[in-house]
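Everything below concerns the one structure shown next.
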Amino acid sequence: MLLLELKKTNQTLGTIHFIGIGGVGMSGIAEILHNLGYKVQGSDLVENYNTKRLESYGIKIFLGQAKQNIKNVSYVVISSAINQNNPEIKEALERKIPIIRRAEMLAELMRLKCSVAVSGSHGKTTTTSLIACLFEAAGLCPTVINGGIINNKSTNAYLGSSNYLIAEADESDATFIHIPSTIAIITNIDPEHLDYYQDFEILIGAFRSFITNLPFYGFAVCCIDHKIVRKLVDDITERKIITYGIDSEDAHIIAFNINTDIASSTFDVKISLPNVLGTTIIEKITIPTPGRHNILNSLAAIAVGIELDFGIKAIKNGFNNFKGVKRRFTKVAEYNKAVIIDDYAHHPEEIKATLATAKNIANQQNGKVIAIFQPHRYSRIKYLFDDFMLCFADADILYITNIYAAGETPIEGITGQSLVDKMTQNKHHDKANFLAELDDVVSIIIDNAASGDMIIMMGAGNISSFANELDRRLLSHEILENTDCDTKSNDKVMQ
């Protein structure tokens, strides 16, 4: 009996408990199960946007994790981020409550669907969202489970009525190779999650399995602008693969005539599919988000749309309806005619892409780029230390904060300060500064921001919460400054 069929019978699963339900991947699966009619609850250490959203749907949320939270549950769902010393896991093991990994639960949801799985080191969330928009524009209503909040829906997951399911496939612990997908997307492959894989070749091998595990009637979509992906594609002959890129003239789908500004990107597309005679040109495709990396993400979506015969009109309409993803180059405030952006970039390649986009926009406005970066995880900084030293070239002024641990134990010699020191010693950046307190960002903006500037707040930790408070903080500072000025003026009058 499959999970999606159980509700057609009298069989019940009882209560399904999610440990860490506030995580973006866990919350999406919990929401879909709830919408399917299953009884869902969960716990997390802190309240956030996802826990509040789920609670508003009637899902019981425990803040804090304790063994009594799973008193009456039948199944426990965990992700790889949950420590085995967690009291709820210990209690589940003690009582022999079945523990299901997040990827296994996702696989069950995908099993009866024609599934599109989007993987890669970067760009998964935006690509998943773009593909979903194209499906809807084509008159299909897919079920979507994403790794970020889709602005069109104000959620990261929603239940559709068609036979399609589109999901972000997390490669962090190799469980993505077990997802039963019909269409597989690989956006890029970079050294990441090496604390799990230990060796980059093992990570590449996992992506190979991701493609070769497809059924014979499925297909993969791969970006061959990325040299590791190109080599992988060249080595696989047993599955159909559609390639895309900007720089790769031999790609099946290529973007050209590219123009970008602060709000959008416009480009033409040349399509030359395998075993199809002739070439198709689609002119003036517009996506309402800037950046070369987002053009690449849209090419992956176009590949799926073309292969499934959506039609050019549906593809263009789908992109026009796209409203972006939370924390992907999201404007959160303005100050002194400078734009403040919140972005999820936390890997060197993501940082380079985000800053390149910001630099392009700043140059058009005669402005500069001010980057404020919060490193995420000691292990990531350790494994990619040299890459982090080199990825901030497009920042005119750079501030690096303390490392956001994300539950990790500190590693000796790996700090935000040590990263800045090494960058300075090796002359990789002459305006790199260590920022001990995020609160000092307000004064940094006040002292440095000018018309046309792009201020980029980056990281996967709590820097986003701070970025989203900047509008209020800067306004409060202005009010305080004006009050001080008025007080001084009144004092002079009284004298």
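A Cβ is built for glycine as well, from the same backbone N, Cα and C atoms used for every other residue.
Annotated ATP binding site per Swiss-Prot: Gly120, Ser121, His122, Gly123, Lys124, Thr125, Thr126, in sequence order. In this structure, Gly120 (ATP binding site) belongs to neither helix nor strand by DSSP; it is coil.
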Fewest other Cβ within 10 angstroms of its own Cβ, chosen from the binding-site residues His122, Lys124: His122
Same chain, 6+ residues apart, C-beta under 8 Å of the C-beta of Thr126 (ATP binding site), given in sequence order: Gly148, Thr289, Asn294, Asn297, Val325, Arg328
Set of same-chain residues at least 6 away whose C-beta sits under 8 angstroms from Gly123 (ATP binding site): Thr187, Asn188, His293, Leu296, Asn297
Nonlocal neighbours by CB distance (under 8 Å) for Ser121 (ATP binding site), same chain, sequence gap 6 or more: Glu171, Thr187, Asn188, Ile189, Asp190, Glu192, His347, Glu349
